[in-house]
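Going by Swiss-Prot, these are the annotated features:
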type     : residues : note
COMPBIAS : 204-217  : compositional bias 'Basic residues'
COMPBIAS : 218-229  : compositional bias 'Polar residues'
COMPBIAS : 243-255  : compositional bias 'Basic residues'
COMPBIAS : 353-369  : compositional bias 'Polar residues'
CARBOHYD : N46      : N-linked glycosylation site
CARBOHYD : N83      : N-linked glycosylation site
CARBOHYD : N119     : N-linked glycosylation site
CARBOHYD : N128     : N-linked glycosylation site
CARBOHYD : N338     : N-linked glycosylation site
MOD_RES  : S266     : phosphoserine
REGION   : 202-268  : region 'Disordered'
REGION   : 352-381  : region 'Disordered'
SIGNAL   : 1-19     : signal peptide
Amino acid sequence: MWRSLGLALALCLLPLGGTESQDQSSLCKQPPAWSIRDQGPMLNSNGSVTVVALLQASUYLCILQASKLEDLRVKLKKEGYSNISHIVVNHQGISSRLKYTHLKNKVSEHIPVYQQEENQTDVWTLLNGSKDDFLIYDRCGRLVYHLGLPFSFLTFPYVEEAVKIAYCEKKCGYCSLTTLKDEDFCKSVSLATVDKTVEAPSPHYHHEHHHNHRHQHLGSSELSENQQPGAPDAPTHPAPPGLHHHHKHKGQHRQGHPENRDMPGSEDIQDLQKKLCRKRCINQLLCKLPKDSELAPRSCCCHCRHLIFEKTGSAITUQCKENLPSLCSUQGLRAEENITESCQURLPPPAUQISQQLIPTEASTSURUKNQAKKUEUPSN
């Protein structure tokens, strides 16, 4: 159920962050006109939800992203999200141009990969984009989301859920290009979501009960993206760069369509956040700490947000930059996942004990915390 309801906690917290280089006034507006070799990709996608990926052929991560983009396209189509256009725009640099074919071969013929010419106006600059950014537009070509790393990393569900939001929720108001078929599909998705919410088991609320007692300083059921429940005194940090969420400015002027009755204003942001926060992120780790640790709270959450992460098979390894207890026994939200959390030890190895909290210092040592372990295994310096 949590997978199907994965409008991820991260999407709930996105309004807290932004990309400094991103022009926030681009919310719910069409992008500047751009073309590549006399082709207008956005015009060709008119009437479809459009996903524009800014990938760099000379970058290994971008190549991985390209292959995962094809997987995402297939997955969305199987789930019924059929009216979606995917576009890849390669970097303008010479090294990327030389490896254009390699990038193109990583996706199917259903995803066009555009190569910018050397002397043309840089499309990335026009879109205020950076490497690995994903821009999601509605059927009328209005920008709904602009996601950057780490939130655009396709191992995690943020891009997928942002596409689904753009597909079925009128974030920028009514679009006259929405077909009856799409409207019927979105109604069925909404009804299915309501049914699954009603059938939700009680342990979900039991988990929230613990957080309500231990994290009342948060002020609501949603956690700050920077606060670890396992470290209640940890300082709050700004959102990581490379992320811009366009729900932050709902009150701005919209271009083209006057039907504003369906558009949430700034006064509805809290309701929107609460709605999204009721949905769980499959990448949230529930960390059960040893009972014999006096300083250890009952649970901590690693949201996989301020993280360096990788995915190997079905196991997700998170290397957290935040203050975390020196030992966590972690389990994923899905039973079939076997997740090991890799904490970041900030104390010398002798101090890496089960009963001590991590304290930030200039010294940093990798520390792998294993399930049911008796102590934190820290390599010697």
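Glycine residues also receive a Cβ, built from the backbone N, Cα and C atoms like all the rest.
Separating the Cα atoms of N128 (N-linked glycosylation site) and N119 (N-linked glycosylation site) is a whole-number distance of 18 Å. Looking at N83 (N-linked glycosylation site) and N119 (N-linked glycosylation site), their Cα atoms lie 33 Å from each other. Counting only same-chain residues six or more apart in sequence, the Cβ atoms lying under 8 angstroms from the Cβ of N46 (N-linked glycosylation site) belong to R139, C140, G141, L177. Candidate glycosylation sites: N83, N119, N128. Fewest other C-beta atoms within 10 angstroms, N119.
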